[in-house]
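As written in Swiss-Prot, here are the features:
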type	residues	note
SIGNAL	1-18	signal peptide
DISULFID	Cys77-Cys88	disulfide bond
CARBOHYD	Asn87	N-linked glycosylation site
CARBOHYD	Asn92	N-linked glycosylation site
DISULFID	Cys128-Cys136	disulfide bond
DISULFID	Cys138-Cys155	disulfide bond
DISULFID	Cys203-Cys217	disulfide bond
DISULFID	Cys205-Cys212	disulfide bond
LIPID	Ser209	O-palmitoleoyl serine
DISULFID	Cys281-Cys312	disulfide bond
DISULFID	Cys297-Cys307	disulfide bond
CARBOHYD	Asn298	N-linked glycosylation site
DISULFID	Cys311-Cys351	disulfide bond
DISULFID	Cys327-Cys342	disulfide bond
DISULFID	Cys329-Cys339	disulfide bond
DISULFID	Cys334-Cys335	disulfide bond
Amino acid sequence: MASFGYFLFLCGLSQALSSYPIWWSLAIGHQYSSLGTQPILCGSIPGLVPKQLRFCRNYVEIMPSVAEGVKIGIQECQHQFRGRRWNCTTVNDSLAIFGPVLDKATRESAFVHAIASAGVAFAVTRSCAEGSATICGCDTRHKGSPGEGWKWGGCSEDVEFGSMVSREFADARENRPDARSAMNRHNNEAGRTSIIELMHLKCKCHGLSGSCEVKTCWWSQPDFRVIGDYLKDKYDSASEMVVEKHRESRGWVETLRPKYNFFKAPTEKDLVYYENSPNFCEPNPETGSFGTRDRICNVTSHGIDGCDLLCCGRGHNTRTEKRKEKCHCIFHWCCYVRCQECIRVYDVHTCK
């Protein structure tokens with residue numbers, strides 16, 4: 001049944017390409033890993049609007065970091081949704097790497113845009129701090145009186161530059177006066193804002209025998225997993241919006257406002273959406289759902305990863321699986337650990 005669902009899914013891909021940020025596909029294309037040495041490849045990246053193409057050619061040395069940023073964003077999405085009905089599945093042989101699932105203005109679309117935008121900002125910022133590009137480096141603006149017992153040192157990561165790159169590149173195609181562009185711009189910025197919110201000081205001690213007479217400190221990004229956890233919380237509390245039309249000098253413009261006035265209005269840190277998500281229980285070529293048949297579920301969980309919810313009430317199958325594992329490990333002085341190899345039997349539960 002899973003293969004049938006995959007076939008149905010592929011049938012709907014052609015409908016997805018028109019409104020897709022298909023440049024995300026550079027995250028899974030090995031041919032883009034050498035962008036820094038082959039600028040002509042900018043023209044081969046699919047789906048670039050003219051502004052993105054100019055940016056790529058002007059700043060080609062940071063384009064590998066842009067590709068890496070989208071890649072880590074996708075990987076983090078798959079981690080955060082690993083136990084949900086929609087698990088951020090990608091299709092490697094398609095330009096629409098998530099399929100039609102992102103055609104709708106749902107919570108899932110909001111999260112993917114936010115995490116991809118954050119990934120680009122994060123990867124570019126980290127690359128600059130590591131000295132991988134000549135056009136950027138460390139942030140030298142965090143100077144002044146730092147505090148008693150420590151001073152500025154090391155390399156503060158320039159998240160403002162990374163966010164600028166993400167904003168100029170990722171938002172370049174979101175300039176239409178419609179609600180979806182407004183939603184994408186907002187969620188892209190929420191992704192970038194998450195990094196700024198989570199920046200923290202890292203310090204290193206200096207002195208005789210580690211006495212820490214003086215500390216040098218610098219601003220650092222968190223692990224990207226922390227950003228993913230933060231944005232997943234924003235996904236769970238995303239604000240539902242409604243579309244309003246206004247007539248301006250340039251014509252009709254669509255904007256978003258909160259659907260419910262008794263809830264707090266979303267800030268620039270929050271995710272927004274205006275269309276309901278499908279239930280993702282069955283394969284559906286129109287929504288891009290793979291369904292949940294044959295997905296591994298947790299028989300002891302009452303949460304969304306549990307067999308009751310993940311399998312959508314269809315029940316589950318159970319099979320036994322033998323695995324080789326290290327066991328009876330003993331530490332020997334000095335200094336190694338010797339283990340035996342054991343065969344252990346596990347129950348594996350999959351959705352019907």
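Glycine too: its Cβ is placed from the backbone N, Cα and C atoms.
All features noted in Swiss-Prot, drawn onto the structure.
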residue: Asn87; record: N-linked glycosylation site; contacts (Cβ under 8 Å, 6+ apart): Gln78, Phe81, Arg295
residue: Cys88; record: disulfide bond; contacts (Cβ under 8 Å, 6+ apart): Ile74, Cys77, Gln78, Gln80, Phe81, Phe98, Val112
residue: Asn92; record: N-linked glycosylation site; contacts (Cβ under 8 Å, 6+ apart): Ile28
residue: Cys128; record: disulfide bond; contacts (Cβ under 8 Å, 6+ apart): Ile62, Cys136, Gly137, Cys138, Glu157, Asp158, Phe161, Gly162
residue: Cys203; record: disulfide bond; contacts (Cβ under 8 Å, 6+ apart): Trp150, Lys215, Thr216, Cys217, Trp218
residue: Cys205; record: disulfide bond; contacts (Cβ under 8 Å, 6+ apart): Ser211, Cys212, Val214, Lys215
residue: Cys281; record: disulfide bond; contacts (Cβ under 8 Å, 6+ apart): Arg85, Ser289, Gly291, Thr292, Cys312
residue: Cys311; record: disulfide bond; contacts (Cβ under 8 Å, 6+ apart): Thr292, Arg295, Cys297, Cys351, Lys352
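In the three-state DSSP classification, Cys203 (disulfide bond) falls within a strand. With a cut-off of 8 Å between CB atoms and residues at least 6 apart in sequence, the same chain places Gly83, Asp305, Gly306, Cys307, Leu310, His349 near Asn298 (N-linked glycosylation site), listed in sequence order. A gap of 6 Å separates the Cα atoms of Cys327 (disulfide bond) and Cys339 (disulfide bond). Cys334 (disulfide bond) sits 38 Å from Cys155 (disulfide bond), taking the C-alpha atoms as the reference points. Of the disulfide-bonded residues Cys212, Cys307, Cys327, Cys329, Cys342, Cys307 has the largest number of other Cβ atoms within 10 Å of its own Cβ. By neighbour count, meaning other C-beta atoms within 10 Å, the densest spot among the disulfide-bonded residues Cys138, Cys155, Cys339, Cys351 is Cys351. Note on proximity: of the disulfide-bonded residues Cys155, Cys335, Cys342, the one nearest Cys329 (disulfide bond) is Cys342, by Cα distance.
In this structure, Cys128 (disulfide bond) is part of a helix by DSSP. Within 10 Å of the C-beta of Cys312 (disulfide bond) there are 17 other C-beta atoms, taking all protein chains into account.
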